[in-house]
Amino acid sequence: MKIKHVRVTPIAFRDAPLLNASGIHEPYALRSIIEVESDNGFVGLGESYGDAPVLSVLKAMKDSLVGLDPFDLNGLRARVKATVARIQPGSNSGAELAPGSHPSKQVANAYSAFEVAFLDLQARSLGMPLVDLLGGAVRNEVPFSAYLFLKYAEHVDSPYQPDRWGEGISPEQLVAQARKMIDENGFQSIKLKAGTLLGPEHEVACIKALKQAFPNAPLRIDPNGNWSLETAIRMAELMGDDLQYYEDPCPGLEGMAELHRRTGIPLATNMVVTDFDEFRRSVALNSVQIVLADHHYWGGLRDTQILSRMCETFDIGVSMHSNSHLGISLMAMTHVAAAVPNLSYACDTHYPWQEEDEEVIKGGKLPIRNGCVTITKAPGLGVELDYDQLGKLHDQYLAIDIRSRDDVRQMQKYRPDWKAVKPRF
Ligand code: GKR
Ligand code: MG
């Protein structure tokens, strides 16, 4: 079997005005949809970042993959390395929350984008679910958590009708947001995105309200490194006992290590451990007790399994990170999570925030039941592209002027003096 065509299609979909440490989400999120077609008629699918620097690598890669055997993952890696060395793509200043766009991650994330599509193609050609190529499923139901955001009711320039979630600013509104998300998806655990302009005390009040409303649900808070060590310690004193884990409260491997020494609270990260070198340094310092894996920038599904194995070796818990994404990514996350025996926590997903009419796979949005996404016996990732939807979302991409995520620039539309400062509090 040889690769005959590779297509990379940038798309844009509506994204809610969600607040975070950098600022606020823009009205559209960008992704790329990858199709790898073999000479015997199978098509493997992938989904990755859609920011300009990433797209430039994916597009530059396309033709070099024609003629390659989709089982030749080492050949894929060599071609990715050669392409990145040749074109040296730029960085994406506004997306430090999502390490995938960082220049040091270009090889890992481009490899991942195609590795998923290659594995999907391999599995389809063999008529088996992708998870079987990862050693088989240790669970068929993969648990995800409710991912709450402080948010405005609508975007600053109102490019479209307000979303169905309404404003999420007060603790009462956050509890209502959680209830709706849990009613619709059955989530058992709850994560609150923090580090926003509303400040740590307000965000701790939201955690307290959530604890009261959902006393049995494990809670997490994630300020994306936007609190100083002293602030993180002060907030830990207020809510430490309410948390399952404390995700990236303050910046840096050293800061996190010191925080753990002084509070004893389990710390999780998708910011200070984003590659194997940082993993090694984190183990030496005991910076984190849980790593949030993300195949998009950890170098694919197989490297995510290696990361999980490393976590097991060093007695570190495994959870999963997410950015705004659609169903192909959700199924890739689900297949790899199904093949990780030591997945110790429900995974993150932004999926509930995405609109019903903007899914790119046939049949619309995938169901999340009892907080879980199910692996089926269908070949590969188990999803098919809806080409009408792909065309619609690509046209939407062409119609807007966002080419790289920049939550700082978006916040400046609300507050012209807003700057990228970290830690802010
Ligand atoms: O989408 O605003 C966001 C998140 O803050 C995202 O960018 C992070 O990468 O969800 C992520 C996280 O857990 O840090
Ligand atoms: Mg995080």
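The backbone N, Cα and C atoms fix where each Cβ goes, and this holds for glycine too.
Going by TrEMBL, these are the annotated features:
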DOMAIN    171-266  domain 'Mandelate racemase/muconate lactonizing enzyme C-terminal'
ACT_SITE  K193  active site, proton acceptor
ACT_SITE  H321  active site, proton acceptor
C-beta crowding around K193 (active site, proton acceptor), within 10 angstroms: 24
Inter-residue Cα distance where the pair is H321 (active site, proton acceptor) and K193 (active site, proton acceptor), in Å: 12
H321 (active site, proton acceptor), number of other Cβ atoms within 10 Å: 27
